[in-house]
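J.: According to Swiss-Prot, the record shows the following:
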DISULFID  Cys5-Cys49  disulfide bond
DOMAIN    5-92  domain 'Acylphosphatase-like'
ACT_SITE  Arg20  active site
ACT_SITE  Asn38  active site
Amino acid sequence: MSKVCIIAWVYGRVQGVGFRYTTQYEAKKLGLTGYAKNLDDGSVEVVACGDEGQVEKLMQWLKSGGPRSARVERVLSEPHHPSGELTDFRIR
């Protein structure tokens, strides 16, 4: 499998519902590095790097709604090339 990185923006009721922490748990379970960060517009930015198949599994999880307490309306994503080395999956 090839290594890939994506950046995704998750919209809906995704702040104040444990979304970043649950995303971190799922990403670590899949062996991914990156981060989840709240944005000022109420969305969450997710950067995920790792094996292509595992990144795709995280994207499917995000698109399926994430944690039960969240309500995901849409997910936009594109390939990403982080400027530094990501060694863990963190909350920002």
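Here the Cβ of each residue, glycine as well, is placed from N, Cα and C on the backbone.
Would you situate these features in the structure and describe their surroundings?
T.: Same-chain residues at least 6 positions away in sequence with a Cβ under 8 Å from that of Cys49 (disulfide bond) are, in sequence order, Lys3, Val4, Cys5, Ile6, Leu32, Thr33, Gly34, Val55, His80, Pro82, Leu86. In the three-state DSSP assignment, the secondary structure recorded for Cys49 (disulfide bond) is strand.
Confidence for the domain 'Acylphosphatase-like' (5-92), expressed as mean pLDDT, is 96.
Around Arg20 (active site), the same-chain residues six or more apart in sequence whose CB sits under 8 Å from its CB are Ala36, Lys37, Asn38, Val44, Ile91, listed in sequence order. Under the three-state DSSP scheme, Arg20 (active site) falls in the helix class.
Taken residue by residue with DSSP, Asn38 (active site) is part of a strand.
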J.: Starting from the Cβ of Cys5 (disulfide bond), draw a 10 Å sphere and report how many other Cβ atoms land inside it.
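T.: For Cys5 (disulfide bond), the count of other Cβ atoms within 10 Å is 17.
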